[in-house]
Amino acid sequence: MRTLFIDREVLSYDEVKKIADSLLAQTPIRPKLGIICGSGLGALADIVEDRTVIPYEKIPGFPVSTVPGHEGKLVIGKLKGKEVVLMQGRAHCYEGYPPQKIAVPVRTMKMMGVQILFVTCAAGGINDSYQVGDIMIIRDHINLAGFAGINPLVGMNDNRFGERFPPMSDAYDRQIRALAKAEAKRMGLDPFVREGVYSMMVGPNFETVTECRLLRLVGADATGMSTVPEVLVARHCGMRVFAMGLISNLVISEYDVDEKANHEEVLETGQKRSKDLQNLVAAMVEKLDLA
Ligand SMILES: O=P(O)(O)O[C@@H]1C[C@H](O)[C@@H](CO)O1
Ligand SMILES: Nc1nc2[nH]cnc2c(=O)[nH]1
């Protein structure tokens, strides 16, 4: 097969299948739902029962998280009686991983039987009406990293994973977003729940003031350093996707002010909102049809 330079990071269909089979051999659970926990949001794993926990280091081919707030464990078990596989933390491109490597856990989940993927992240609020602690249901994204060629689908395409040119106009499942809004309302969380557009920069630095202003101009409501590669790969392999970002901080969009974005605030906000996120995810999972 002709190789592009990134192909050394692309695990083949058979290699991913091998990882999935070895994980399934360690548990009686057959997950249909996958969940990825963003920065400081790993407490979602606390509501998973009957669990098998496998550190990413023990899974050959998995990218290992290196940043605080990402435990780096795969948790397989039951949530509200439904069989799930949850990633307690993720790896990011800014840690030095090519996006093709970020794709590995998502494709592994698909081969384990996952049909629906929930993705969570921490994000900086750009929309003027957003406040720290808001939960933004992601309606669409802007793949700014993709504008610079950083896209996990770049490289030879194996049609067994998915088609060469996947559409992305319907990336975020309308029905599941409606379910999230309905459940948030029922639980009285609606004053904090928004729906908006997420933009992905690679990071690891937070944005400059002018970058924030640019992002606002192009229609982004919140910005982060993850989620998009996972969503692209999940849609490529035919999963339904739901994603939400916790507005962990507000971006700095005024020149010459003293405030600065920082990772400590991101983790603190995650802790404060962790119960609400757990409850919202649990309520949604209870109602999801995972036949
Ligand atoms: O994994 P997520 O996207 O939740 O993490 C965000 C982006 C950076 O990793 C970190 C910055 O504080 O939070
Ligand atoms: N790029 C970016 N990522 C974040 N993750 C959490 N907050 C932020 C932010 O303000 N900017």
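Glycine too: its Cβ is placed from the backbone N, Cα and C atoms.
Remember, predicted model here, so these are calculated numbers, not experimental data.
Here TrEMBL flags Ser39, His70, Arg90, Ala91, His92, Ala122, Ser226 as phosphate binding site. The feature purine D-ribonucleoside binding site is assigned by TrEMBL to Glu207, Asn249. The domain 'Nucleoside phosphorylase' annotation in TrEMBL covers 32-286.
Less than 6 Å separates the Cβ from ligand 1 in the case of none of the binding-site residues Ala91, Glu207, Asn249. The separation of Ala91 (phosphate binding site) from Glu207 (purine D-ribonucleoside binding site), Cα to Cα, is 20 Å.
Residues from the binding-site residues list (His70, Ala91, Asn249) with a C-beta closer than 6 Å to any atom of ligand 2: Asn249. It is 9 Å from the Cα atom of Asn249 (purine D-ribonucleoside binding site) to that of Ala122 (phosphate binding site). The Cβ centroid of Ser39, His70, Arg90, Ala91, His92, Ala122, Ser226 marks the phosphate site; residues of that chain outside this set whose Cβ lies within 8 Å of it are Gly38, Ser65, Val67, Gly69, Gly89, Cys121, Met225, given in sequence order.
Taking every pair among Ser39, His70, Arg90, Ala91, His92, Ala122, Ser226, the residues listed as contacting phosphate, the largest Cα to Cα separation comes to 14 Å. Look at Ala122 (phosphate binding site): DSSP puts it in a strand. Classification of Asn249 (purine D-ribonucleoside binding site) by DSSP places it within a strand. Residues near His70 (phosphate binding site) in space but far in sequence (CB under 8 A, at least 6 apart, same chain), listed by position: Ser39, Gly42, Gln88, Gly89, Arg90, Ala91.
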